[in-house]
Amino acid sequence: MEKHQPSPESSSEECTVLEAPPPDPNGCLLHTGKVVELYCSECSCAVCDDCISGDHEGHSTAPIGPALELQRTALKDRLESAKTRLPQISDTLSLVKEILQQLTNQRTSIEEDIQSSFEDLHKQLDVRKSVLMMELEVTYGLKQKVLQAQVDSLLRGEGDIQDSCTQTEETLAGEACAASLQAEQGLAERLEELTNQGLPCHPEENDQLDLILETDGLRKSIHNLGAVVSTSAVASQSEAMGAGLEQCIVGQPASVTIVTRDKSGGACRSGNALLSAEVFTPDGSMVDGDILDHKNGTYEFIYTLPKEGHFSLALRLYDQHIKGSPFKLTVRRPCDIDPDGAKRRGKSPAQKKKASKRASSALGTPRRKTHNPIEDDLIFRIGSKGRNRGEFTNLQGVAASSTGKILIADSNNQCVQVIFSNEGEFKSRFGVRGRSPGQLQRPTGVAVHPSGDIIIADYDNKWVSIFTSDGKFKAKLGSSRLMGPKGVTVDHNGHVIVVDNKSCTVFIFQPTGKLISKFGSRGNGDKQFAGPHFAAVNNNNEIIVTDFHNHSVKVFTPDGELVLKFGSNGEGNGQFNAPTGVAVDANGNIIVADWGNSRIQVRECSTGAAPSCPTSTRLRTPCTAPRAWPSPPPATWWSPTLGTTASKSTATCSRTETEGGSRRERGREGGSRREGEREGRREPEGRRERGREGERGGGNRKEGGSEGGREGDGGREGGCRGEGGWEGGREAGREGGEHVKDVKIEQY
């Protein structure tokens, strides 16, 4: 056997491993064994004695200890500075991720829209192809039938003549005899008959079958069909300019120009950026305006403010504030100098109508009141300003459910709050701020579907969200179609009607999200809008829309045909200054929130003729969106002075006063009959009266008489006398110009 030779690694002798000693933390890196005791200020490093006599000769030095302390202090400061950036980076990271997710969602949504649109086009092309083929077959069949019948007739005639001619020739070939005389006479008559028969010897049809198919224009349209729109604009680089950034004049349009820029500060040259502008009043409410896209990267925001004070203008690009936003605005009142040297407020001709004398609006100078202007006649009040449960910061839409709940879209709190109507008890709230489905960014309109679902118009998310009755997200509709949904309502068929404020269009959807129809465009025509706000549906299933900047209210059929238009710019009865909310009561009366005039106006429903004079109710602050109550209305919400016209109004009510005898008398008992109604009747004391049932007593007084000889308009049981009478005989509205106290609807 061969003897096994051990390998060098298997030596029996143990190997001793010597580890190098750890380096001295205070040792010099260049000179072994030397300790650094100094700090070179010029080179910013630690040095030993040998270093000083070498490369660092002549440099200023200091003891290493204080230098290390200073270095540590500076390092701690930088550490703190770096840590302070982490929340900002984290927030930006979340925002960018959210934008990325939204971008992905938009891509998916657009892909679905493209697929759906082209599938519809294919279906329409197939349908048109079938129609053309059918037309071809029908036209060919008719022509072919006529021509074929003519061919058959000619063939029969030709055959008969040929047969008769052949038979006659055979007869003539034989010898003439008395026996053939009768046969020859028959042949002669037959030939004469065939010769004179009315055969169709001219074509009774033609061969024209042409196809006119203008495909060039269609091909060009298809070539240009659709476009993916985007821009590189970012809010951090975009800026605004113009006199409208600093101050403006009450009632006069102000303008602000916005220039969009990319991340490098370069001017963007294309439009269609998602820009929003909001003007906040001192009380927290919001004023809308128009944004004009010049399609070259610049935009113009035009707005009009109804009263003086200090306002805030927020300009956002893709939901981010641009440079300098929000801006502080100072709104001043225009002043003219009259011959006596007194300052007065200038008015347009429409505002100088003597026939519309009443209490001053939000545009006028408020009078100082010596008592509480609300509490005496306050019917109900809900909420206060704030961000907690049951508090609001910017109420927009209001709706009532069949179960007796009030639903309020609290725009700035990004939620919907639910309150019991009869008790005013807060129940719940739902909604989380965000841009994902199920979240709310700026809820404005709210409605209740017959199924119980809650429908919310989300202005900034550009879609409509549908929640269950207990606030759980169910679906969304209108994404990629809507630009700025403001108001929402439901018609008698369960269709969802959406008022798109930005595109000036009314959309009608199925609850599943399928678009049924749409109508409207930007402009001042009868079928056009300028910043439409809210909508309601009357008993005829007609759609009523408030046209904000056209100062009017329009009624349409579900197909978009105009039925009625009323209102013009002004302060008189039947005139509006930027109407917003609208509702319809059980009697079909149209209730309109006249925002700029700080009042509610009621247009009476009339059969066969337009109402002559709407009822006007004054407001301290404008109501944004009154909503109709379910029928019958809760007794708690009955308005003594508005009667049936106010029986389905919004959540909070108070009263105001008009001076100088501007009386408004309204009948009660028997359904508030209005007979012989007249508008604008004035007496020497400036009284305005509305015709009621008959004329009672002397002095030309009009009374809405009640049973038992009650005296005064709006009188109630118990001897209430005068307008706005309450139980117990409270007297108001006497001849000579005492105060008239009307119930008003007010936003809190």
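Even glycines carry a Cβ here, placed using N, Cα and C.
Packing against the coiled coil (93-120) from elsewhere in the chain are residues 226, 228, 318, 434-436, 479-480: each is 6 or more residues past its ends and has a CB under 8 Å from a CB in it. Taken from TrEMBL, the feature coiled coil covers 93-120.
Among the features that TrEMBL reports, compositional bias 'Basic and acidic residues' is placed at 333-343 (among others).
Feature annotation from TrEMBL assigns compositional bias 'Basic residues' to 344-357.
Per TrEMBL, compositional bias 'Polar residues' is recorded for 642-655.
The compositional bias 'Basic and acidic residues' feature in TrEMBL is assigned to 656-720 (among others).
The compositional bias 'Basic and acidic residues' feature in TrEMBL is assigned to 728-748 (among others).
According to TrEMBL, the domain 'B box-type' annotation covers 28-64. Long-range neighbours of the domain 'B box-type' (28-64) within the same chain, counting only residues 6 or more positions beyond its ends whose Cβ lies under 8 Å from a Cβ of the stretch, are absent.
Annotation source TrEMBL lists region 'Disordered' at 1-23 (among others).
Feature annotation from TrEMBL assigns region 'Disordered' to 333-376 (among others).
Look at TrEMBL and you will find 607-748 (among others) tagged as region 'Disordered'.
Annotation source TrEMBL lists repeat 'Filamin' at 230-331. Counted with DSSP, the repeat 'Filamin' (230-331) comes out as 3 helix, 54 strand, 45 coil.
Residues annotated as repeat 'NHL' in TrEMBL: 379-422 (among others).
Summarising model confidence by region, the repeat 'NHL' (427-470) averages a pLDDT of 91. Here TrEMBL flags 427-470 (among others) as repeat 'NHL'.
The repeat 'NHL' feature in TrEMBL is assigned to 471-512 (among others). Counting only same-chain residues 6+ beyond the ends of the repeat 'NHL' (471-512), those with a CB under 8 A from a CB of the stretch are 106, 109-110, 113, 276, 288, 291, 397, 416, 418, 428-431, 437-438, 444-451, 453-459, 462-465, 518-523, 528-537, 541, 543, 545-546, 548, 556, 558, 560, 625.
Residues or ranges marked as repeat 'NHL' by TrEMBL: 516-559 (among others).
As annotated by TrEMBL, repeat 'NHL' applies to 563-602 (among others).
Within the chain carrying the repeat 'NHL' (427-470), a Cβ under 8 angstroms from the stretch's Cβ atoms is held by residues 98, 101-102, 105, 276, 319, 389, 396-402, 405, 407-411, 414-420, 476-479, 482-490, 494, 496, 498-499, 501, 509, 511, 534, 625, all 6 or more beyond its ends.
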